[in-house]
Every structure is written in structure tokens, then in C-alpha cells.
Amino acid sequence: MSDMTDNVEITKNPKAPYVSSYPLMILAFLAEWIPGISKYLFYDSGFADLRKFKYEDSLTSIPLPLPKEKFGLNKLEHPVVGLEIFDEKGISPESIGSTGYLTAWHLREAYLSGRITPSQVAERFLERIEAAHTCTSPTEPSIEGFYQYEKDEILKQAEESTARYAQKKSLGPLDGVPIGVKDELDVKGFETRVGTIFINRGNKAQRDATLIHRLRERGAIIAGKTSMHELGMDITGNNPKAKTPRNPYDPNHYCGGSSGGSAAIVASGLCPIAIGCDGGGSVRVPASFCGVYGLKPTTGRISSIGEFPFAWTCAVPGPFASSADDLALAYYAIAGKDPEDPITYHQPSPTLYGFYLTNTLSDLKIGIYSAWNRQVLNPAITTVLHEFIDAFKLRGAQFVEIEIPELEEARNAHLISILSEVHSSLNRYKEHRTKITYPNRIIHCILDHLTASDYIQSQQVRTRSMRYVSDLFENSVDLILTPTTGITAPQIYPRSLLHGELNANVSGNGVRYVQLANLTGIPGINVPAGYDDKGLPIGLQFMAKWYNEALLLRVAKTSQEILGDRRKQPREGLWFGDLL
């Protein structure tokens, strides 16, 4: 490892001040009516930084690995292992270990034994949703994880599941398990509003997204739509237009975004599994803030058919779960080729190979970029990181000091890529611009100054970054380990709930470690790893080469064993996981 006194700034620390309330409203007005204001903010935010470079690289728009002769990554040598791995292990609540959480496997065992039925669980579940959405005092805000749900529809699905169990015709371990879905994915009969108050109003989805269809085929109870940051445009979850979900570990702190509601319902015990989408850490960041497992899969590993089309090259659907075992179960259920989605065509078959190979990690080399990993604002994150490194070493893992070139350029390229795409997509809603929150109105004014050349350069940087990570995985390491975020869950200031906030310090330090996976298309996973001195969760991130989600799930299972009974539930009044 390099000298711990080395304080090199690998990626820039944002310097912009926190803005909310009336100053935010005034800034939005000025940005919309005085072009010089938004132009100044554009340059001050660093969006033009790539213009000083001249690249000769080709463009990569969809971050899929190149053919094997170039990258060596389009096929994995692992055998295909599916859910039978759990049958062979004799999966049970006991074999899952001490997670402190209700899991899909606990529900499965209870259903099979006849101790309880899915209909009875659904009744309790609906009671817990009401409790989680009820404010008990000014200092104890409600969790607000769900944005839309239909009581009768939940009970109907549960009744069908109960009948299958009674007839010994269960559809598998997801049968009867309640699952929440981010408001970015189509669920038949619900409006896909993407956290706004105007998109798809009165226009209910006529069909399920592919991954939702796959969950239904396995008997899952689709419980409703979860709250999200408006348009997925930040990582706190703050949404004064719709709902701001709260962190179950402290409701006066954010649960993260943009898939915050999905993380909150898993962390509070309402659902053992939820679905989010990750375009810039939007699964991994809230998973870290809320102390749950969250997977951002390889680009094209899970079908995006039915996902709102506004971050085409960066965003992918991914699962949250209360345990590594549930995460593996959910991932395997929704991954794989989709005839309607060409990006999924050329992937190797999904596998859970090696999930239980947790005691001996001598086959793994894990890369650490120490100078980058030290760019955290909360020292407890560094402490937890080193504790996990030591624990992995005890199981035989080898750690290798690495460097990843041009991370600052990659950070900029990712921001330009995803924000250009969102900005372009929202051009069709220009007449509704005043219905957007003030922070997003300002951001869209700033984005008006992006050019086609900026986007092209960002895709050239994507090519370069993909080459760098490919070389690392081919020649040096199997995994890269970082903090998931440079901070723990940020505090909610009451004035921010009325009109929103711009907080570049929180945003920049929240996404510092997650953007690389979205830019390059590699998979990344958050694992709960500990807590800071306020009791707020700390997450660590592992990244692997394209399509190697199996390895990420293996180290998630290992991490679950390492944390063991040190994992904590939210305190009484914020925990709703007593469904059995």
C-alpha cells in the first residue's frame, strides 16, 4: 500500500455552496432568464473541462466489452449454475446466517411449512405500509418508501400465491414474496412518473417491464411503485414535488437516490427485495446509505425494456435485497437475454457459480487504489474499509495496489453522458418545465450549454476508461474494492423539503466511487460493512469485469458472513419487518 500521508486529489472535490429555499428559487429564476448566469454555472461546474483535451480514440456509446480478441471479456469460463445451488446447499433461514432481516427464504420456509400463508403476510404487509407512512411526531417523520400501491391488487396476487402453495404448485422461492419497484419501470396498471408530477399522468402502463414480467412468472407479489429523486437527477432522494423517502436508521437523514424508496423499504423490513435503476450510483448509493445489498449489473445483463427512456447508455435496472442470498435470487430471476432488447443478445448465460465459496478466497486478487480510497469525508469509512481488507486477507484474498488512469476525466465524461441524455429526453416536456423542482430547473439551464462535441468527447473518454479497466481485470486483479460513497447518509435540512436543494459537496462525494461502473458498463455491488459514530450505515463497493456478477455475489455472501451479527436493524418504530 502507498504512504498513508499521501493526500493526492484523484477526483476533484466540489466547491459550490449549499443552496436551498428562497436563494434557490431566485437562482432558478436568474438561470432561466439571464443566459450569462447559466453559462457561468456551466463553466464553474467543470462541464467544459474535457474541452482542453484532444482525443483521437474511437467513440463507445454502449459500454459493452469488445470482441474477445481485443478485450478477452465476452465469455466467462464458469459453468452455468442456477437456483439449484440453493437446493444443493439445503437453503434455510439458518444457512443464511445472522442478517437481522426477514428474507425471502424465511418467507419461503414459512409458506412451505404451512405456518403462514401469502394472504396473511399480505394483510400484515399492508398494515406495516400504513404504519411506515404515518408520521408519529415532528421529530419522527414517516419513511415514505412507497409512492403508489393498490391494496386490492396486492391481496389478489397474494390470494393466487396462497392457492398455489395449497395445491403444492409453488413457482419457486420468490412465490409470495412482496417486491417494490422504482417509479422508473413500467408496472401494468401504474403510472411511470419518474418522480415527477406530470410525466405519464393519466397514462397507466399497459404492460410490465420485462424484468417485472419475469418476477411475476416466479410468483412474486409486485407491491407497488417506490419513491425516487425527481428524474433521477441527484443522489439524496430529496423530492418536494412528490415524496422524499427517509432513512430508516435516522429519518432526519436522506436514504439516498435516486432509487431511495426501494432502499428504504428493504432497510425498514417492509420488503426483502426491491428493484431500482442505476445510472450514476442510483442503486449502490442508497444501498450504502441504508445498509442493504444493492447490485448494478453489467450494461445489457438485465433487460431495459419497460424502463423510462432517458439515460440510455448509463442506466441499468438492478436489485436491492436484505441479504446476499436474496440478492442472488433476485438477480438470477431477472437477468438474461430478452428478444426485445438487442443489448442483451450477446451476454453469456447468467450463473451463480461460486456463491458459497466464501471460506477460501486464495484464488482472488483484489485491487486497491489507496490514494483514491482515501478521498472520503467520514473517517469511519476508512476504518471499516481496512477492517474488511483484514478480514478478506484472513480468508486468503490477495490485495494489489493499483492505479486507474484519468479518473477525473472519467467523472466528467460520465456526467456529460448521463446528463446530456436526460436533457435530450426531457426536451419533449418543455411545456412542463415550471413543474420541475427548482434544482432540476437550474441543472437543465446549465445543460443547455452542452454541445455535440462535448458528448462525443465523453464517449471517447468512455473508450479509454473501458480500456484501462479491461487491462486491470485481464492482467492484474479480479476485483476492485472502494468505499461505495465518500460520506454516510446526509442530514435533511427542513428548509430543503419545501423547494429542494443544490449541494454539490454531498452530490460529488456521494458519487465519487460509483460513476466508473456506469461509464464503462462493468458491474458493481454495495455490501453493508458497518456504521459510523451516529449509527448510520457504511457500505463498500466491489467492481468486477463485464458479466462477472457471480463473483460480486460471492464476495457479497462473504461480506455478509464477515459482518455477521454486528449488522443492526433500524430501531423500534422504524422497523416494519415483523411479517411472520
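Numbering starts at 1 and runs along the chain as it is shown here.
Glycine is no exception: its Cβ is also placed from the backbone N, Cα and C atoms.
Please treat TrEMBL annotations as automatic predictions, because they have not gone through curation.
These come from TrEMBL:
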- Lys182: active site, charge relay system (ACT_SITE)
- Ser258: active site, charge relay system (ACT_SITE)
- Ser282: active site, acyl-ester intermediate (ACT_SITE)
- 123-553: domain 'Amidase' (DOMAIN)
- 20-42: transmembrane segment (TRANSMEM)
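Sequence features, as recorded in TrEMBL, placed on the structure.
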| residue | record | DSSP class |
| --- | --- | --- |
| Lys182 | active site, charge relay system | strand |
| Ser258 | active site, charge relay system | coil |
| Ser282 | active site, acyl-ester intermediate | coil |
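A separation of roughly 5 Å, to the nearest angstrom, links the Cα atoms of Ser258 (active site, charge relay system) and Ser282 (active site, acyl-ester intermediate). Counting every protein chain shown, 34 other Cβ atoms lie within 10 Å of the Cβ of Ser258 (active site, charge relay system). Lys182 (active site, charge relay system) sits 11 Å from the residue listed as 'active site, acyl-ester intermediate', counting Cα to Cα.
Close to Ser282 (active site, acyl-ester intermediate) in the fold, though at least 6 residues off in sequence, lie His229, Gly232, Ile235, Gly257, Ser258, Ser259, Gly276, Ala315, each with a CB less than 8 Å from its CB.
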